[in-house]
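Colleague: Copying in the features that Swiss-Prot gives for the protein in this structure:
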- 1-21: signal peptide (SIGNAL)
- Gln22: pyrrolidone carboxylic acid (MOD_RES)
- Cys27-Cys125: disulfide bond (DISULFID)
- 27-71: domain 'P-type 1' (DOMAIN)
- Cys29-Cys56: disulfide bond (DISULFID)
- Cys40-Cys55: disulfide bond (DISULFID)
- Cys50-Cys67: disulfide bond (DISULFID)
- 77-120: domain 'P-type 2' (DOMAIN)
- Cys79-Cys105: disulfide bond (DISULFID)
- Cys89-Cys104: disulfide bond (DISULFID)
- Cys99-Cys116: disulfide bond (DISULFID)
Amino acid sequence: EPQRPAPGHPPPAGAVCLTGAQKPAACRCSRQDPKNRVNCGFPGITSDQCFTSGCCFDSQVPGVPWCFKPLPAQESEECVMEVSARKNCGYPGISPEDCARRNCCFSDTIPEVPWCFFPMSVEDCHY
């Protein structure tokens with residue numbers, strides 16, 4: 001008979017292997033401008049199928065993909081936003097440390113936009 005873990009103890013690592021991506025955080029979906037959505041599904045996909053593949057689902061806006069790639073993850077949920085929504089919190093060449101001292105977000109992956117920018121409240125984020 002296979003050995004079972006004692007009650008109250010988790011099974012050994014690797015005993016259960018779940019595949020599939022995780023549902024993205026709400027801000028990564030709701031802050032995406034509908035006109036910038038990149039399709040992530042197929043016609044007739046359900047919200048469950050979409051979320052299972054790590055994508056966002058919103059059927060409220062006609063004429064754009066309902067299952068779409070989320071905005072890039074950031075260190076903090078309040079730093080997730082469209083690049084166009086960034087409000088400058090620093091100066092050209094600011095270091096991540098100086099930006100953090102200002103309690104602002106830092107991302108230097110896109111040129112020609114503020115790299116140090118004010119966070120946004122997560123109150124408005126939803127699926």
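Backbone N, Cα and C define each Cβ position, glycine as well.
Describe the structural context of each listed feature in the structure shown, including burial, neighbouring residues and relevant distances.
Modeller: Cβ contacts within 10 Å of Gln22 (pyrrolidone carboxylic acid), excluding its own Cβ and spanning all protein chains shown: 9.
For Cys125 (disulfide bond), the number of other Cβ atoms no farther than 10 Å from its own Cβ, over all displayed protein chains, is 17.
Sequence-remote contacts of a segment are chain residues at least 6 beyond its ends whose Cβ falls under 8 Å from one of its Cβ atoms, and for the domain 'P-type 1' (27-71) they are 20-21, 77-78, 80-82, 84-85, 120, 122, 124-127.
Classification of Cys29 (disulfide bond) by DSSP places it within a helix.
A C-beta separation below 8 Å, combined with a sequence spacing of at least six in one chain, links Cys40 (disulfide bond) to Cys50, Ser53, Cys55, Cys56, Pro65, Cys67, Phe68, Lys69.
Within 10 Å of the C-beta of Cys67 (disulfide bond) there are 23 other C-beta atoms, taking all protein chains into account.
Here the domain 'P-type 2' (77-120) has a mean pLDDT of 96 out of 100.
According to its DSSP assignment, Cys79 (disulfide bond) is helical.
Sequence-distant contacts of Cys104 (disulfide bond), defined by Cβ-Cβ distance under 8 angstroms and a gap of at least six in the same chain, are Cys89, Gly90, Cys116, Phe117, Phe118, Pro119. DSSP assigns Cys104 (disulfide bond) to coil, not to a helix or a strand.
Within the same chain, residues at least 6 positions away in sequence whose Cβ sits under 8 Å from that of Cys99 (disulfide bond) are Cys89, Gly90, Cys105, Phe106, Trp115, Cys116.
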Colleague: Taking residues 6+ outside the domain 'P-type 2' (77-120), which of them lie with a CB under 8 Å of any CB in it?
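Modeller: Distant contacts of the domain 'P-type 2' (77-120): 25-28, 31-33, 36, 71.
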Colleague: In whole Å, how far is Cys29 (disulfide bond) from Gln22 (pyrrolidone carboxylic acid) when you measure between their Cα atoms?
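Modeller: A Cα-Cα distance of 13 Å.
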Colleague: Which ones in the same chain are close to Cys27 (disulfide bond), with CB under 8 Å and 6+ residues apart in sequence?
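Modeller: Correct list: Leu71, Glu77, Glu78, Val80, Met81, Met120, Val122, Cys125.
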